[in-house]
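As recorded in TrEMBL, the features of this protein are as follows:
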REGION    1-23  region 'Disordered'
DOMAIN    120-394  domain 'Protein kinase'
BINDING   LYS149  ATP binding site
TRANSMEM  419-443  transmembrane segment
REPEAT    595-636  repeat 'WD'
REPEAT    734-772  repeat 'WD'
REPEAT    911-947  repeat 'WD'
REPEAT    1049-1090  repeat 'WD'
REPEAT    1188-1213  repeat 'WD'
Amino acid sequence: MRSHESKVPAQTPVDPVSADPGSSCPDESILVLFLEGQGADQAALEVHIETCALCQDVLDRLTKADSAAAQSVVRLLRSQLVKSRLDYPQTATPLPPPAHFASILPIFKPTDPPPAIPGYDILGELGRGGMAVVYQARHRGLGRLVALKMLHAGPPGGHLSERLRQEARALARLHHPHIVHVYDSGEHLGRPFFSLEWVDGTTLARWTDGNPLPARTAAALVRTIAAAVGYAHTAGVLHRDLKPANVLLDHPPATPTEDAANAVKVSDFGLAKVIAHADTVAAPHTESGMLLGTPAYMAPEQADLSTDRVGPPTDVYALGAILFELLTGRPPFRADTPFQTLFLVVHHEPTPVTRLRPDCPTDLATITAKCLDKNPATRYLRADDLADDLARFLDGRPITARPIGPAARGLRWLRRRPVMAAVVTASVVVMIAAGILAAWQWWAAGAARERADQLTVSEKVARVTADDEKGTATRARRRAEQLAAEALLDQGLKSCEKGDVRRGLADLAQGLERVTAAGLDDLAPAFRANLTCWADRVHIPREAPPFPAVVRSVAFSPDGRRLLVGLAVDRNTNKPQPGFAQLWDPDKWEPAGPKLPHSAPVNAVAFNPAGTRIVTGADDGSVRLWDAATNRLIRSAVNELSLVRAVAFSPDGRTYAVAGNTGKPYRPGEVRIRDAETATLICPPIPHPGVLYAVAYSPDGRALVTGCHSLPEGGRAQVWEVATGKPVGPPMIHSARVSAVAFSPDGKLVLTASHDCTAQLWDRQTGKRVGGPMIHPYPVSAAAFTPDGKAVVTGGGDVRKHGSELDAIRVWDILTGKPLVGPFTHVSMIWSLAIRPDGQALVASDAAGRVRFWSMGRWRPVVEQSLSDPQYAIAYSPDGKWLAAGGGSHDKPRGRSQVLEAATGRPVGRPVEHTECVEAIAFAPDGRTYTTLTRGGTVRVWEAETGHPSGPQFVQPQISPALGDRPGGTTVMTFSPDGLHLLVSDMCGVCALWEWQSGRPVWDKSSSAGPNTVRASRFSPDGRTVLVGRENGMVQLCGSHDGTVQTEFRAGRGPIVAAVFSPDGSAVLAGGDDGTVRLWDIASGMPLGPVINHGADSVKDVGFVRNSSTVYSVSGPRAQVETAVQLWNPRTGELVGGRLPMSVYFRSVAAETRNHWLATGGFGGDVQLWDGPTGRPVGPTVWCGGPIHTIQFALDGRSIAAASKDGYIRVWNTPTVTDEPAQELVARVRALTERVPGQKKE
């Protein structure tokens, strides 16, 4: 209800729908006298007429009758009037109306056209009573909405006209925030009218709908009403008709809270009386013996017509009746007819509040009883006193009212009914005598019955107590199980994130067992998804059979089918012995050729790029060249150096480099570069200041890099020109020896690993560091780039520690410098490592003589496609087969869009070149076309397979620059479900629907400024409605075919900057710039839950994760880009899982409602999957090389794609959560972790 209500009493003696004129309605002759202000029962008739549609129709006919025949009938009916009194309850039988009455009088219905009131436009009828009608109108001069009240019954100038004028005069005296204001008054065709303040809400009666309110809410409401009535009393105005139907609520809350008191507006002063001032305002026209008011809320002095006793306590009584009804859901007195109700008011005490509502606070019940006292002198003498006592109750202070004791209650009853008291006293005496005479006969039987009853009651109490305790214990056990399971979930995730995956999986498996046994179904998916994700991070190596000696060096053949190993020291005796190299089959772990002998331990091995030659270097300084196919020795240089530590072939295979010492061990070393065919030196030997440990060629073969020990800095790496042997660029310094070096596959970066416990990337041309150091807990002795150049693998450890598992090998993302996967373990320090050329496997050897073969690749995206320019938009086709990506440069007039295969990243069709950066992209529902929107507002649809345009180009003006504070950009572009229209909008005023095939706008609601500026818009799931959020806090639902507003409601006090339909289309989630989020029911426009407040932050995005039970919000400071993501239950306002942690801030958020997942993309390049019902992460964080601009799930939820500023489109498969029995899943995970050699032990 959004208007002033027509006056409807809380107790309706006659059903307005089923009223029977022959049983309860007054005779029409009585109604005639009522219209002329005659008759003794005017008030009672007025109460009945206001609720009886039949009597209102008769009054309409009598009022508008103008024919001579009708007037004669009226005179005839007047002569048939029979008076009746209201001294006691009775039901009068009215005279039946003449049969021809309806055929003589003209019929006028409430649906007649509204009157034309000068200066006002009548907008519609709001309510109609027995005498007056209330219209919604607009004042033409001021343009504001008002409630216009005027008579629709009675002759002009009668007592009803005077009563309406009196109401206007009374309201004109009052200026109070909780009293309806009067604006204007006048007359039209002899009938008075006046305009009132428009209240956009409902009545207190309709808001409560007969339901009891919380005690504090009821007290707060009546305190506000009493304060307003007290102000009216001070101004000399008695209301005399206070009831819930005459109290309006302006925008009340959806749930009964104390905030409702702020919405109170007291109205309907039609029966008001001036009591304190003798001025131009006269008392309403009342005849002696005339009954005024509503029976259920009348004070006794009103009901028995004691007009000399009517005063402020009379209104206090009505306030007490209202308080009684708010606490109990019913008025103090209720009977079948008004007359019977009046009899109860005068002669009976109200039922104590605590009997109807045992939980009512004693102080509030005492205040209610004091208001309802029969004697006006013992009530609160002023409404302000009542308001003060209610304030004391709400503040927890002592109240002034005192409860009435039994003795005082009995004395009052005796004074009201002396005759009845005498009869009762005599009866009591007789009963006492009879009781004494009969007591001895019944005593024994009564005692026995009492004992039996006590036993029965005790048994019932024990049974109920046991049931309650059992239920409490069950709930407590369930809550304890939930907390224990959540603790295991958090503990398991923490262990996994720290790299101890085995321990984390054990906790997760235990947690899944607990939630399954306890029936905690909401927690189970989080455990299952994390078990699936983290189990993929358990790397199970294949360990080689024991070698006869320690393996110091390993190298893969170019085709990856053979592994070359170099053996050094007997691992049992640790004594020097002759060494050898040997080829092995890494899949079968068996030799693939004979031993390639040396007279000393072999420290270094290498293949040429063709895989046809092998070079080996040993402790005695010898270097040998072998035929890889026949294992034949081609050439041997016995004294190449005094000790060889590293060898490497050039990329073209024409030369090889040997690095080592020139004299005794740990003396300065040098590098010698020789022709692979002739063994001649290519350039002079390259000396180094200390022991030389590593050498590697650049991909173009023109340079090589070396790593050595040097003083005073500790260690250095240097790039050299192969042709001349001269240094290129400055040295790359570490604080300890450089033990491993490598060029990136593109030759732009140099990787160094040092015993200072770091690995570092360097710019080849400048020699400057690229990113921070990759810090290890141990010296780093081996390092290599992955073949795709996107990651590096490092290995090391402490040579003094043997036997316990060490985190010896780590994989790092070169773009972020962060670990990509948990460490691989070995039992000792890593001597050497090699990555298979396809990047799918890693082999490492350690100082304990172990060689392990690790599978790799599951930690990489399934698609990692570079599209050069920064990527700002991405969209899946409806079938998940394709991805459309768009981006470009903001600094240059350039943009590009491209369709890719979602599974492989391969381009589909040709790329589409644009003159501006592409800011938004979307697939049509059929998946055959996609549309792009550029920075300047150009919109066009393209064929997905060919990249050819489909339809004309059109321009949507006023598109705001994308990539503002709102995650995912500011522009929204969506196809309608039927694929015929495009909705284009942004948060700065643009909102238009286009027919893309013709380039014609269907409608345009764009505006650049003002209260109607559009800040958010979305299609409904069925496409029939468009949701529009505006600057003024309104949410509008518009027809998609013409843009007309079908429904609107106020969803906030500030701009609605984010709004979205629920998946079933029945609700709207709206977020405001004022930091509030709320769920709204579309059908009623009422909230479905409390306001979710984000403090001083502004809401920037909202969405659904799990139907209407879990939603997310993105919020942050208005002028900053930092944002936080939170998950909520919108129906309770409770936070789910806490505030999600963020790396720097979240840039993009996507939700997947099938598995109830949320994905976040951060400005730091981090992508994380979250479980909606628990707010916990799902699997490890994955990293991109730049800020995430857009992230999106495939429609089936099986993959997720991210577009980032580094120009890459990356796709990851989401975990497959199976429904296999929990016991089987747990057994499989435990078997997996127990099989892992070398994982950490508790």
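Cβ atoms here come from the backbone N, Cα and C positions, even for glycine.
Residues 815, 861-876, 878-880, 883, 885, 887, 900, 902, 905, 963, 968-969, 1147-1152, 1154-1155, 1157, 1159-1163, 1165-1167, 1169, 1182 of the same chain lie 6+ residues outside the repeat 'WD' (1188-1213) yet bring a C-beta within less than 8 angstroms of a C-beta in it. Residue density at LYS149 (ATP binding site): 27 other Cβ atoms are found within 10 A of its Cβ, drawing on all protein chains shown.
According to DSSP, the repeat 'WD' (1188-1213) comprises 0 helix, 18 strand, 8 coil. Residues of the repeat 'WD' (911-947) grouped by DSSP class, helix first, strand second and coil last, total 0 helix, 22 strand, 15 coil. Here the repeat 'WD' (734-772) has, by DSSP, the following mix of helix, strand and coil residues: 0 helix, 23 strand, 16 coil. DSSP places the residues of the repeat 'WD' (1049-1090) in helix, strand and coil in these numbers: 0 helix, 21 strand, 21 coil.
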